[in-house]
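Listed in TrEMBL for this protein:
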- B:78-97: transmembrane segment (TRANSMEM)
- B:118-144: transmembrane segment (TRANSMEM)
- B:156-178: transmembrane segment (TRANSMEM)
- B:190-214: transmembrane segment (TRANSMEM)
- B:234-255: transmembrane segment (TRANSMEM)
- B:293-315: transmembrane segment (TRANSMEM)
- B:335-357: transmembrane segment (TRANSMEM)
- B:391-412: transmembrane segment (TRANSMEM)
- B:432-451: transmembrane segment (TRANSMEM)
- B:458-478: transmembrane segment (TRANSMEM)
- B:498-521: transmembrane segment (TRANSMEM)
Amino acid sequence: MTTAISVSGLVKTFGRTRALDGLDLTVRTGEVHGFLGPNGSGKSTTIRVLLGLLKADSGSASLLGGDPWADATELHRRLAYVPGDVSLWPNLSGGEVIDLLGRLRGGLDKRRRADLLERFDLDPRKKGRTYSKGNRQKVALVAALASDVELLLLDEPSSGLDPLMESVFQECVAEERDRGRTVLLSSHILAEVESLCDRVSIIRAGRTVETGTLAELRHLTRTTITAELATPPNGLASLAGVHDLKVNDHQVSFDVDSHELDAALRALTLSGVRSLTSQPPTLEELFMRHYQEDVAR
Amino acid sequence: MTGTWTLIRLALRRDRIILPIWIVLLGLTPASTVAAYEQLYPDAASRAMLNASAGANPSLAVLYGPAYDLSTAGGFTAWRYGLFLALFAALMGIFTVTRHTRAEEDSGRLELIGSGVVGRHAALTAAIATAAGANLVIGLSIGLGLTGAGLSASGSFVLGLGVASAGLVFTAISAVTAQLTEYSRSANGIACAILGGSFLVRGVGDSTVSLDWLSWLSPLAWPQRAKPFIDDQWWPLGLAVLATAMLAAGAYRLVSRRDLGAGLLPGKPGPVNAPASLSNTFGLAWRLQRGALLGWTIGAVVMAAVFGSIANGIVDLVGSNEQIREIMQRMGAAQTLVDSFIAAIAGMLGIVTAMYATQAALRARSEETGERAEPVLATGVSRISWVTSHLAFAVVGSAVLLAFSGLSMGLAHGLRVGDLGQVGGILVGTLAQLPAVWVAGAVAALLFGLLPKATTAAWALVGVFALITLFGPALRLSQPVLDVSPFTHVPKLPGAEFTATPFLWLSAVAIVLFGLGIAGFRRRDIG
């Protein structure tokens with residue numbers, strides 16, 4: 001297995017702000033990698049370093065086997081980038097921008113361009129000034145997706161798309177993956193991440209806090225258990241993985257870490273289980289936990 | 001109107017560097033003339049001579065406006081500076097209003113503000129108030145400065161507030177043009193075209209007795225028509241205030257009638273596919289910069305034609321006044337006055353071209369801050385090819401601009417005197433400004449590469465070059481100060497001896513600065 005992106009210990013400061021603080025990121029060739037984190041956590045900065053637009057203060061980064069700073073021009077021919085906030089030239093039409101960016105990248109597939117314009121329902125004749133945010137993003141998406149490249153760097157590419165276009169976008173990214181392309185997808189839309197991403201990295205305050213497959217990450221979350229028992233519970237409180245235990249006579253509810261689930265259930269059965277509901281862990285909880293910790297800091 | 005005060009404070013905060021520069025430059029320049037005048041024209045005889053020569057010359061009236069009485073320091077100041085001060089105050093008003101109205105809308109920032117607790121007219125009111133306030137401060141500074149220099153208070157304030165009132169009219173004109181199109185560049189362009197037209201109209205009116213009424217159509221002429229230091233008439237200022245009020249009312253009506261972000265002039269759809277020319281960074285730069293190059297060229301060609309056609313009228317002055325000839329010669333340093341006048345205008349065209357070169361070079365910066373550089377630099381183009389595509393306009397575009405304006409001035413003068421043989425010499429004299437223009441453009445490139453946040457300083461520097469070149473000789477500034485401007489070092493052609501040395505070293509300086517700027521840009525962060 002080869003890696004398309006390999007970043008370790010990346011540090012980038014702007015004046016007194018430490019935007020990246022030892023960030024690690026590994027994206028394997030051919031995977032769709034979700035890149036998550038609260039606003040201002042350093043996702044866009046990481047992508048800009050990978051594009052050679054910013055020079056990292058320390059740490060190492062390698063992209064498609066090259067150095068993103070020194071080999072920028074060569075590498076850029078093999079990748080396409082969609083910024084989170086797309087600015088277009090006010091007097092160029094969308095079609096002109098798509099062609100321009102495609103040509104600067106080394107050519108684009110005409111048939112695919114036409115196909116994408118239709119699927120995204122984008123009028124290429126409008127001038128840059130007159131597009132809405134969603135339509136500006138579509139222009140950048142069509143330009144990127146119609147290019148024949150190995151790697152797509154997408155920085156919150158669907159934040160302005162309506163639900164219909166969101167599903168078109170997801171289809172397109174799935175097709176890219178099926179063609180063997182690598183995608184780094186920064187996103188806040190959990191459904192999108194769940195349906196598209198093979199692996200995800202969550203960053204906070206310029207550091208990577210979790211990385212792995214979705215299944216592995218789910219494992220890190222807690223299951224919520226509510227049970228009615230024959231006798232008041234015994235010994236639950238002392239179990240390591242049990243949190244937020246609430247006992248109301250025979251009623252009990254608590255959260256339990258996935259790897260302590262077995263021990264917790266065993267402790268419950270000692271008191272005679274009359275009814276039991278369990279809520280499976282959701283990614284949302286995981287993300288919320290990481291995002292909220294950021295707020296608490 | 002809710003939120004206007006907050007927006008005014010925002011505007012003042014954003015303009016905290018540029019407005020003080022305008023105020024200091026325009027507010028304090030005229031006061032420094034008074035001493036120079038006393039020195040140059042110490043006695044009644046020399047002043048009478050000045051009146052009889054420069055005061056009666058229609059060619060100079062095109063440039064400076066009507067000379068009512070040059071025998072007093074006040075009358076001279078009003079003649080020599082009144083028009084230019086009004087012109088620059090108008091530019092200040094235009095740029096300030098557009099910056100805080102259409103440019104904000106164009107960039108989408110106004111939408112954010114518009115959605116807050118801010119009235120529909122607040123942005124326009126804040127922009128007008130900021131520009132009007134700055135104009136008023138300039139006017140009062142001129143008045144106080146001239147009074148301090150020993151001139152009559154009423155004349156000083158009629159001149160100062162007259163300048164401010166001309167600035168006000170163009171503030172209001174800009175408030176209207178900001179409503180017309182969707183782009184701030186076009187809003188500035190239309191307003192500046194009206195300003196240029198006003199300059200020309202009053203040039204005809206001021207120099208032709210039978211067409212004197214034409215000048216009343218031009219707000220730029222009104223400050224001098226108030227006859228400061230002579231009659232001290234306040235009513236032309238009232239005319240300006242009335243015009244301002246009517247134009248501003250029109251702007252408010254237009255704001256009410258249109259959507260946020262939209263213009264009144266409709267946009268038309270563009271092509272589905274990009275033309276073949278739009279395939280590389282130069283193609284993109286050409287697409288983005290060609291309009292500005294065309295606009296500047298037309299403006300400079302018209303200006304050069306006007307000056308070329310009046311050049312011969314300067315002959316009337318020959319022999320009549322030693323001092324005037326001395327001033328003209330120091331500005332032009334040439335044998336004949338016509339040559340020296342043309343050389344002086346070539347210098348002015350050089351300054352205009354330096355402004356263009358600065359704007360063309362800084363286009364790279366506005367692409368960067370507008371976040372339009374990033375997607376391009378994320379494709380397979382090198383930073384060098386991207387930045388040099390824009391800088392090419394500062395280098396080659398300036399040459400085009402100078403060539404056309406030199407040709408225009410040469411033809412206008414040649415046709416007037418019936419000797420087209422002079423075209424070549426005038427063209428060479430105008431193109432001789434090119435290395436100095438390059439230095440100005442290269443300073444902008446250097447700042448862009450090394451201190452991107454300080455690129456505005458390039459404009460300040462061009463302003464300093466312009467003041468030194470236009471007013472330095474008349475103000476008898478010392479040589480080291482004059483030497484600051486690259487235009488000081490250009491041989492005054494036609495007329496003066498041609499020497500290659502200054503061209504070589506000015507070009508060398510420009511090359512080094514461009515090189516440093518490009519090298520700096522390669523190494524720095526984008527954004």
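Each Cβ is built from the backbone N, Cα and C atoms, and glycine gets one as well.
Keep in mind that TrEMBL annotations are predicted by a computer and have not been checked by a curator.
Beyond the ends of the transmembrane segment (B:293-315), by six or more residues, the same chain brings 57-60, 62-63, 189, 192-193, 196, 200, 203, 207, 328, 337-338, 341-342, 345, 348-349, 352-353, 356, 360, 393, 397, 400-401, 404-406, 408-417, 426, 430 to within a C-beta distance below 8 angstroms of the stretch.
Of the Cβ pairs linking the transmembrane segment (B:498-521) with the transmembrane segment (B:335-357) and spaced 6 or more residues apart, fewer than 3 are under 8 Å, so the two regions do not touch. Most Cβ pairs under 8 Å with the transmembrane segment (B:190-214) belong to B:78-97, among the candidate stretches B:78-97, B:234-255, B:335-357, B:391-412, B:432-451. For the transmembrane segment (B:335-357), the most Cβ-contacting stretch among B:156-178, B:234-255, B:432-451 is B:432-451 (pairs under 8 Å). The highest tally of CB pairs under 8 A with the transmembrane segment (B:432-451), across B:78-97, B:156-178, B:234-255, B:391-412, is held by B:391-412. Looking at which of B:156-178, B:234-255, B:391-412 has the most CB pairs under 8 Å to the transmembrane segment (B:78-97), the answer is the stretch B:156-178.
Using a Cβ-Cβ cut-off under 8 Å and counting only residues 6 or more beyond its ends in the same chain, the transmembrane segment (B:156-178) has close neighbours at 26, 30, 74, 77-78, 82, 85-86, 89-98, 101-102, 124, 127-128, 131-132, 134-136, 138-147, 184, 187-188, 190-191, 194-195, 219-220, 222-224, 226-229, 232-234, 236-237, 240-241, 243-248, 250-251, 254. Long-range contacts of the transmembrane segment (B:391-412) within the same chain, counting only residues at least 6 positions beyond its ends with a Cβ under 8 Å from a Cβ of the stretch, are 282, 285, 289, 293, 296-297, 300-309, 311, 342, 345-346, 349-350, 352-354, 356-358, 360-361, 363-364, 420, 422-431, 433-434, 437-438, 441-442, 444-445, 514, 517-518.
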